[in-house]
DNA sequence: ACACTAATGCAATATTATAACATTTTATTC
DNA sequence: GAATAAAATGTTATAATATTGCATTAGTGT
Ligand SMILES: [Zn+2]
Ligand SMILES: [Zn+2]
Ligand SMILES: [Zn+2]
Ligand SMILES: [Zn+2]
């Protein structure tokens, strides 16, 4: 069982994500400004989706200046447009995308207990959705899949109680 | 192509939904009170997910008394618990369930244009989700699937332009 | 330097949802 | 049927999330 949520050097996740973002923005000729970088770093602080106002608070802590909500939301919009983060609708929260170079809508397994979100990279769900949609003559544009449950880690922990 | 969204007697949808709800509540020994019925009727006014505050406005129009938000949300909570409505997280809105007797989390195709929501009744998506989740040792509890796109109706309409 | 555009700052407000407590209605027991 | 308990609703206030509109600043090209 390879589980990114246990025993991994998360600093690598952060560094990689920021490096990918810098590279991607340069390639696309869009600006990876300070506030955008701060917000992305905040989203990548861990693997748990984070709310806009939490991001705001974190930035206020780190930099002694408190951005207003629109500032954070604009940065998030930019990151969403460029596929650097995903929005988790059921949590009103945002999480880093692990493959921003490939345009996609993320599919997530969200642990009710530890709150970590695992982004799936398989196509079986999209295939199933497309099959069902086709039966209704429905043209899929943005499939949103957010599965709440209990991750392998947390299941083990509660087994050992 | 059988599409519930075109050419159907929607009064039947409403009447059936309310009848099912009455019956279900009686069977479960829970109370289908006036406000709960009003809210459910409002949700079933059409096939488009409707927000809590819109429901509030509609009830205010119909009955000359304006329920406060908690009243509407409590009625919605009751209807959710009893599977009579589903919540569409990506729209912060609620829509009637077409099969409340069978406990399930709904999967929806949501048209970006006409805003109608089609509830799927196939199991292929759940199968795909379970397959993907199993690979991660993840125990699925509540899969949320909300697919935005363009319905058959609206595709035809834009073709004929 | 000038004009132009993109990005950010800032104040106010909109939208969605809940907390806390009072009152009323309904069911149960004596 | 009155006393009691439980459930449902009313009411006020407020929390949490998100956007609008306009002013200011920072880059970009001429
Ligand atoms: Zn990590
Ligand atoms: Zn992603
Ligand atoms: Zn109908
Ligand atoms: Zn349903």
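Glycine residues also receive a Cβ, built from the backbone N, Cα and C atoms like all the rest.
Every protein chain shown contributes to the tally, and the Cβ of residue A:102 (Fe cation binding site) ends up with 9 other Cβ atoms within 10 Å. Feature annotation from TrEMBL assigns Fe cation binding site to A:102.
In the three-state DSSP scheme, residue A:111 (Zn(2+) binding site) is classed as strand. Cβ neighbour count for residue A:111 (Zn(2+) binding site) (all protein chains, 10 Å cutoff from its Cβ): 24. As annotated by TrEMBL, Zn(2+) binding site applies to A:111, A:114, A:151, A:154.
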Could you check the binding-site residues A:102, A:114, A:151, A:154 and tell me which sit with their Cβ under 8 Å of a chain B Cβ? A:151
Reduced to three states, what secondary structure does DSSP give residue A:154 (Zn(2+) binding site)? helix
Among A:114, A:151, A:154, all listed as binding-site residues, which has the most CB atoms within 10 Å of its CB? A:151
Rounding to whole Å, the Cα atoms of residue A:114 (Zn(2+) binding site) and residue A:102 (Fe cation binding site) are apart by 28
